Amino acid sequence: MSVSEIFVELQGFLAAEQDIREEIRKVVQSLEQTAREILTLLQGVHQGAGFQDIPKRCLKAREHFGTVKTHLTSLKTKFPAEQYYRFHEHWRFVLQRLVFLAAFVVYLETETLVTREAVTEILGIEPDREKGFHLDVEDYLSGVLILASELSRLSVNSVTAGDYSRPLHISTFINELDSGFRLLNLKNDSLRKRYDGLKYDVKKVEEVVYDLSIRGFNKETAAACVEK
């Protein structure tokens with residue numbers, strides 16, 4: 001094979017990979033659009049009247065996750081299953097965002113942390129890498145940390161809306177998250193930096209709870225702060 005033939009062959013490989021990446025980008029753009037729609041819907045809970053609409057907003061968000069499933073099913077077909085991490089950077093951030101959105105819905109519904117397995121059911125993907133397109137553990141953890149930041153904001157807006165018990169519940173939840181993350185030996189630099197922000201979320205929520213307790217807005221909050 002001549003030198004020119006070698007490079008022609010290599011160009012064929014490069015062009016084929018570029019085609020794959022372009023197909024992936026198209027699907028990811030659709031995922032990003034749906035994620036924005038879900039986020040816009042859920043952001044309404046931060047508004048005064050939004051607290052009364054939480055069940056309706058969560059139900060609507062779950063309907064949008066049906067569209068997410070469709071897009072992810074399409075994405076799986078765009079590349080060989082064994083090359084997941086070769087193209088992972090294309091969908092990593094939107095997948096983390098979708099984990100956060102799923103976790104936010106579950107928290108608003110039950111005030112509990114969604115499991116990684118439950119997220120994969122909501123998204124229609126696999127929990128284990130051996131089964132193909134899956135939810136990477138670090139992507140799950142990143143989404144959970146985004147949730148913590150969102151909940152710290154919600155604690156402040158809850159007070160504005162006159163919901164004085166919600167910040168206490170959020171404080172308990174975020175402190176449990178913090179305790180959980182302390183058990184992990186995080187090697188990923190990006191994940192470690194995001195985890196560093198969790199302590200500020202914890203502090204922000206605790207300040208809200210403390211402010212409520214000293215102002216005597218509700219006995220539940222005051223009693224909890226005294227116990228601390």
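Just so you know, glycine gets a Cβ as well, placed from its N, Cα and C.
Check Swiss-Prot against the ranges 155-176, 177-198 and you find region 'Leucine-zipper' recorded for 177-198. Of K26, K60, K199, the one with N6-acetyllysine in Swiss-Prot is K199, while the others lack that note in the record, though it may still apply to them. Feature region 'DNA/RNA binding', per Swiss-Prot, maps to range 86-90 of the set 86-90, 126-130. Counted within 10 Å of its Cβ, the other Cβ atoms near K187 (N6-acetyllysine) come to 8, all protein chains included. Across the region 'Leucine-zipper' (177-198), mean pLDDT in this model comes to 90. All chains included, 11 other C-beta atoms sit within 10 angstroms of the C-beta of K199 (N6-acetyllysine). Cα-Cα distance from K199 (N6-acetyllysine) to S190 (phosphoserine): 16 Å (rounded to the nearest whole number).
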